[in-house]
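Structure first, commentary second.
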Amino acid sequence: MNRESILLGLIGEDISLSRTPAMHEAEGLAHGAATVYRRLDTRTERLREKTLAELLEAARATGYNGLNITHPYKQTVLPLLDHVSEQAAQLGSVNTVVISAEGRTTGYNTDVTGFARGLEEGLADATMTEVVQVGAGGVGNAVAYSLVTHGVERLYVADLDPGRAHSLAEEINAAVGREAVRGVDAVGIEEIISRADGVVNATPMGMPAHPGTAFDTSCLMPRHWVGDVVYMPLETRLLAEARAVGCRTLDGTGMAIHQAVDAFRLFTGLEPDAERMRTTFLSLS
Ligand code: NAD
C-alpha cells in the first residue's frame, strides 16, 4: 500500500465518542503518513439510507485501506467480505476489514486479540481456571471467546437477559469445540463468583448513565482478579471496590487500545507503537 497516506473509516451507529479515529490518525502521522480516519455513522442524515453493502463498496471504490466495523454490523458484515480470518469466522464477528490495493476485503476480529493482549499485560500469571463474566452483549461475545481461547477452562456467563447468556454459551462452545462456557442466572451470581478465580464485567454498569456494579461486590476476596470492559470512567465503582478488598484489577483501556493497535498493524503493515496509541487514547479522557 501507499504509506504516504492512509485512509480508514469506522462503520457503525452512534460512534461520535469513539476514540479509535484519533488513535489511528496520530499513529499514522507518527509513521510519516498523512492519515484520515472517517466516522461513517449510519444514524446520521447523510448515511441513514445507505446499506452496509453500499458503504463497503464505496470504501473499496474510493481506495480506503481499511475499515473498523462496530455495532450493529459486526455479524452482518461477514457474508459481504471476500475472506474472513479463521478466528473471526469461528466467532462469527468482524470488527476490522482490510482492503487490499486490488480491492479485496478480509475480515478480522481485533476485539478478541485486543482483550487477550490487555489480559496478558495486566494480569500475567493470574489463575484462570474458573472465571465468571457478567454481560453477554456485543463486547461480551468477544471477551468470552478471548477468555476461553487464552487459558480459561470454565467460563460462567450471566446476563439480565438469560437468553443472551445461554446463546452466547452455545455460540462460543460451538466455535471452540468444547463445553467451555455455561450460561447461568444473574440472580445469585455472587455464589459462583465466590468460588471462581476471577470475574469480568462486560455490562455498561459503572458508566455515568449506569451507576453501580452488576453484582454485589461483598463476594470478592483478595485472591480474586477483577476485570472491567468499561473505560469511561477508568476507575469504575467495581474496580475501586475490588482494589479496596486487595484484588488485582484490569480496566477497560487494554482492550480499547489493543483492538486499535492490532487493527493498525493489519491495515498498514506498519508496526504500531502501543504506548504512543495509549497516550493518544488517554489524552482524550
Ligand atoms: P450491549 O448492550 O450489547 O450488552 C450489554 C449486556 O449487559 C446486555 O446483554 C445487558 O442485558 C447486560 N447487562 C446490563 N446490565 C446488567 C446487569 N446489571 N447484570 C447482568 N447483565 C447486565 O453492550 P456492549 O456493546 O456489549 O458494551 C458493554 C460495555 O462495554 C459498554 O457499555 C462500554 O462501556 C464497554 N465497551 C468497552 C470497549 C473496550 O474496548 N473496552 C469497547 C466497547 C464497549
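Just so it is clear, glycine is given a Cβ too, placed from its N, Cα and C backbone atoms.
Quantities reported herein were computed from a predicted structural model and do not represent experimental measurements.
Among the candidates Thr44, Thr51, Thr70, Thr203, the residue that TrEMBL annotates alongside Ser18, Arg19, Thr20, Asn95, Asp111, Tyr231, Gln259 as binding shikimate is Thr70.
Sequence-distant contacts of the domain 'SDH C-terminal' (252-278) (same chain, at least 6 residues past either end, Cβ-Cβ under 8 Å): 1, 3, 6, 8, 19-20, 23-24, 26-28, 30-31, 33, 65-66, 68, 95-96, 98, 108, 110-111, 113-115, 117-119, 121-122, 139, 143, 228-231, 234. Pairwise Cα distances among Ser18, Arg19, Thr20, Thr70, Asn95, Asp111, Tyr231, Gln259, the recorded shikimate-binding residues, top out at 19 Å. Taking Cβ-Cβ distances under 8 Å and a sequence gap of 6 or more within the same chain, the neighbours of Arg19 (shikimate binding site) are Ala256, Thr280, Phe281, Leu284.
Secondary structure from DSSP puts Asn95 (shikimate binding site) in coil. Here the Cβ of Ala136 (NADP(+) binding site) has 30 other Cβ atoms within 10 Å, regardless of which shown protein chain they belong to.
Of all the Cβ atoms in the protein chains shown, 19 others lie within 10 Å of the Cβ of Thr70 (shikimate binding site).
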